[in-house]
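Enquirer: Here's the feature list from TrEMBL:
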| type | residues | note |
| --- | --- | --- |
| BINDING | Cys82, Cys87, His164, His169 | Zn(2+) binding site |
Amino acid sequence: MSMALKQVFNKERTFRPKRKFEPGTQRFELHKKAQASLNAGLDLKQAVALPHGEDLNDWVAVHVVDFFNRINLIYGTISDSCTDQTCPMMSGGPKYEYRWQDEHKYKKPTAVPAPKYMSLLMDWIEVQINNEHIFPTNVGTPFPKTFMQVAKKILSRLFRVFVHVYIHHFDRVNQMGAEAHVNTCYKHFYYFVTEFNLTDHKELEPLKEMTSQMCH
């Protein structure tokens with residue numbers, strides 16, 4: 001890992017504080033299991049598979065939080081070069097524009113600059129993952145019937161962060177020596193969402209060519 005990158009990741013320069021799993025909880029154990037398989041240098045395709053005897057909702061919940069933390073960190077590393085001036089709209093090249101919509105202020109899809117979109121997105125995800133009724137932390141508390149729907153929406157929107165970073169800010173990623181880290185995180189994310197069919201194919205379209213080279 002390059003010095004510049006070490007500094008970035010040591011400073012934990014996240015865009016948001018990390019959401020952590022409480023030690024002693026089932027979710028914490030699963031998180032450790034997921035990390036262990038990654039650290040063992042397992043093929044990422046194998047690392048995302050549901051461990052024997054584990055609940056799919058739990059496995060997805062752990063990964064949603066983990067990807068939220070990692071993608072936060074990635075965006076944090078390039079956020080100084082993503083401004084209202086450089087990125088007046090949230091996009092992935094000329095063909096893809098992402099508008100923000102939520103249940104509160106933005107009831108209709110609204111064009112906003114990329115940094116504003118990122119801020120709204122991270123706030124919105126944080127509210128969901130801190131909501132006990134959607135992401136229960138206690139063992140035995142059932143997940144709501146809508147959980148997978150919520151997880152899909154979160155992951156689809158997180159994918160857009162990769163799209164924006166790869167298409168508009170990859171020179172900054174390179175400058176920081178973070179390319180290998182971002183690529184690994186992307187592959188992990190891609191294998192996970194495709195393994196469990198958690199993102200529409202049309203969402204994956206903007207990075208299709210890169211993905212076909214990177215994720216055989």
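Here the Cβ of each residue, glycine as well, is placed from N, Cα and C on the backbone.
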Enquirer: For Cys82 (Zn(2+) binding site), which residues in the same chain are close in space, meaning a Cβ under 8 Å from its Cβ, but six or more apart along the sequence?
Expert: Tyr75, Ala114, Pro115, Met118, His164, His168, His169
Enquirer: What is the number of other Cβ atoms found within 10 Å of the Cβ of His169 (Zn(2+) binding site)?
Expert: 22
Enquirer: Let me know how many other Cβ atoms fall within 10 Å of the Cβ of His164 (Zn(2+) binding site).
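Expert: Here the count is 24.
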Enquirer: Setting Cys82, Cys87, His164, His169 aside, what same-chain residues sit with their Cβ within 8 Å of the center of the Cβ atoms that define the Zn(2+) site, listed in sequence order?
Expert: Ile78, Ser81, Thr86, Ala114, Pro115, Val165, His168
Enquirer: Compile a sequence-ordered list of residues in the same chain as Cys87 (Zn(2+) binding site), six or more apart from it, whose Cβ lies below 8 A from its Cβ; state 'none' when nothing qualifies.
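Expert: Same-chain residues close to Cys87 (Zn(2+) binding site) (Cβ under 8 Å, separated by 6 or more) are Pro113, Ala114, Pro115, His164, His168.
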